[in-house]
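Novice: Would you mind keeping the following structure in view while I ask a few things?
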Amino acid sequence: MSGPDLSRKRPRPEASSRPTTGAPAPALTEGDKILELIRSRANRGIWSADIKRETNIPQNSVQKQIRMLLGNKLIKEVTDIRYKSRKVYMAAEFEPSDEISGGTWFSGGSLNKEVINDVRKRCKQQIMMLKAATSDMIYKGMKKSDPNIMYTMQQIGDILQSLVIDKEVDEIKSTGKGDFANVPAGKVCYRIVQSSSRTQVGALASIPCGVCPRLRDCTPDGEISPRNCEYYKQWLGAEYF
Amino acid sequence: MVGVYGKRLAKEIISTHFGDLVAKVCNCLLQNGTLSLHEIVRYTDMPGSHVKNCLLILIQHNCVQAFCTPRKGSTDKTVTLYMAIFDNIINRMRFSKFLSLIKGGELAPKESQTKEGQCKYALLKGILQNGRLTFEQLVERSISKEQQMDQVQEKHQSELRACFNELVRSHYVERCPRPEPFIYTEPEDQPKHTKRRGAKTAVQPLSLEQQAIEAATLAESERFSEIPESSVERAGDGIVNHSPATGDKRKHETLETDLDLLVAIAENEVLWRANFEKLLYCLRTKICAENVRSRLGDDAGVVLEAIMEADTEQKIKATIVIATFDGILNNLAGSMTLDRVRTILDELNCKSATDKLEAIYSLDLNATLEACKNDEIEAVVKARYGDQGYKIFRLLSTKDQLIETDRIAEITFMEKKEAHQMLYKLWRDEFIDIKKVPSQGSGESASISLWRLHRKPFYQTLLDDIFHAALNLTVKISQLVEKQHEILEDDMKNLLKRKFILQLSLLKLDDALMLFHDF
């Protein structure tokens with residue numbers, strides 16, 4: 001005899017762990033959304049306020065999710081040199097771009113003075129050896145003495161510019177003779193500035209009036225005058241006035 | 001154009017040297033321009049005789065020039081006008097510097113002092129102190145100082161004349177300009193012809209004051225014409241005319257009389273004064289040589305001095321200096337090899353040319369003068385704004401172009417916010433200029449700030465500050481001089497020490513004044 005097996009209860013629908021084809025995917029969690037957004041910004045990173053705006057997730061949730069992602073080491077916090085007060089987040093697998101980090105001369109959001117001073121010293125050593133040298137000659141000299149240095153010509157150019165500004169080095173056109181014998185005439189090159197040139201004290205700067213913030217208000221017979229000037233008293237000795 | 005503080009400084013100098021009355025008259029001319037005697041009396045509210053005496057003192061000391069012009073509304077009557085010569089008043093602060101230019105003089109180191117140098121020093125000192133003197137007055141002054149006995153006066157006078165002529169030959173001393181030249185002025189109803197037909201540019205007419213100075217100035221040959229020797233002295237020197245015939249002898253005696261007359265006029269009537277243009281040129285040479293020495297070494301400084309001394313024109317405002325190679329070598333007196341000299345001339349960016357088979361070098365002093373000015377300005381910026389302000393200013397000064405804030409922060413290795421703050425401070429105090437350009441692709445209100453140093457307006461502001469500081473130092477020195485009469489002898493040494501500091505500071509500040517005003 002064939003018929004339904006009435007001894008059995010109505011079969012329960014089986015709970016399937018795999019979604020069947022055609023069924024909608026379950027929604028991304030907030031954490032996933034935020035992680036995807038951060039990853040999409042690659043080495044530029046994203047500001048926390050921008051995360052909130054683009055995901056429409058409430059502030060408290062954003063902060064909670066970021067804490068979890070940081071704890072799981074999926075993202076990291078970096079300093080944007082342009083906007084130091086902002087919290088910027090980046091996926092752990094990326095390194096900050098030069099725009100964010102400030103480039104070679106910045107470390108942890110601050111100027112790496114040790115590195116800068118080291119490169120300045122090396123540049124000056126090259127110039128002293130050659131007496132007068134172009135930026136190209138200086139760069140090649142530095143590479144020769146230390147093949148491990150990773151700076152570009154542009155970066156060496158920036159350092160040379162800072163040496164010119166600080167009056168440690170002169171930027172001049174070569175005459176092709178004397179100290180400039182190694183540099184073709186007319187080419188821009190660099191030479192060490194004599195120490196006597198650097199230590200000149202200006203005439204106006206060496207008297208109180210030269211640095212006085214009230215000079216424009218001062219008159220011989222006025223309330224502020226050289227006769228009763230406090231800066232002169234300090235400069236010359238107060239006991240006479 | 002002289003600012004308020006320049007005029008006040010000039011008034012203070014005249015007051016210190018000649019008293020308040022003379023300063024009042026001088027100030028009247030400085031504030032109101034060229035005036036007649038009647039107008040000065042009206043402005044100063046002083047009696048006519050006092051004003052006249054004050055004007056005489058100012059003219060004697062080359063601080064005022066008189067000239068005649070036709071009286072307004074009249075064709076045959078003239079009026080005498082008086083104009084203050086601001087530069088000559090300021091030159092009064094520099095007498096000690098002028099005297100230090102005399103080689104072998106009293107301000108030279110003891111071991112290098114010479115009898116001739118001391119003689120020239122004394123002559124120039126006499127002229128500077130008295131404004132203008134005849135040669136006879138200089139001799140009398142010298143004799144009374146040295147208490148020469150009668151029998152050696154003649155020899156002494158001859159030595160003095162030789163030293164004096166050396167000063168004239170070197171252009172340190174000149175014959176005084178014409179006392180009251182006549183300046184013809186066009187009637188006011190006639191249109192002034194400032195533009196020639198076909199000329200591309202308008203010819204700028206000279207101001208009345210410039211015309212007066214030009215008309216008063218003697219021709220070069222007359223200005224530096226030396227005092228000739230008398231016939232007696234020429235005979236004593238062995239310059240004898242062996243003329244046998246009677247007619248020739250009479251002619252010779254006539255010529256001798258004429259010569260003696262010329263000598264008498266030159267010694268007793270011609271007034272001599274210091275030639276400030278030459279003296280300032282020498283000071284400019286010193287300052288430029290010092291700057292070049294500090295940048296390029298001692299040899300370069302020596303060669304620059306040699307070039308400037310070999311220039312035959314020696315005009316104070318000329319920035320191109322031209323000298324022959326032989327002239328330069330003469331001044332170097334064999335202290336360097338030819339190759340070394342040529343190398344340094346190249347380093348100084350001298351241009352060479354040939355004129356009538358002679359090598360000529362021309363040097364543009366602009367770069368050196370700009371370097372001197374930059375040193376002065378950068379020192380002020382560093383003292384007022386610290387290292388950061390200094391770096392930014394140096395960058396804008398060396399680049400001489402518009403630069404964006406971010407780029408400035410990059411090159412100077414500064415935080416962007418700090419760079420921005422410092423730029424605004426420098427801009428607020430009128431050291432630099434700003435230009436805002438709209439930022440592409442951003443909102444309406446966004447813009448990029450570009451920065452630049454504009455030298456000309458900035459130099460004028462700085463010059464006013466230098467005049468102001470010099471005035472303050474002068475006032476302070478006067479205050480200490482007043483105190484000298486009040487304090488005890490024990491404190492005198494300290495007071496004099498402080499007065500000396502102020503005087504030295506004023507001399508140093510005057511170098512900056514010359515850079516921005518006179519050179």
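Cβ from N, Cα, C; glycine included.
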Novice: If you look at how TrEMBL annotates this chain, which of B:171-197, B:225-251 comes out as region 'Disordered'?
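Specialist: Checking TrEMBL against the ranges B:171-197, B:225-251, the region 'Disordered' one is B:225-251.
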Novice: Which numbers of helix, strand and coil residues does DSSP report for the domain 'RNA polymerase III subunit RPC82-related helix-turn-helix' (B:9-67)?
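Specialist: Going by DSSP assignments, the domain 'RNA polymerase III subunit RPC82-related helix-turn-helix' (B:9-67) contains 44 helix, 6 strand, 9 coil.
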Novice: Tell me, what is the mean pLDDT of the domain 'RNA polymerase III Rpc82 C -terminal' (B:164-312)?
Specialist: 80
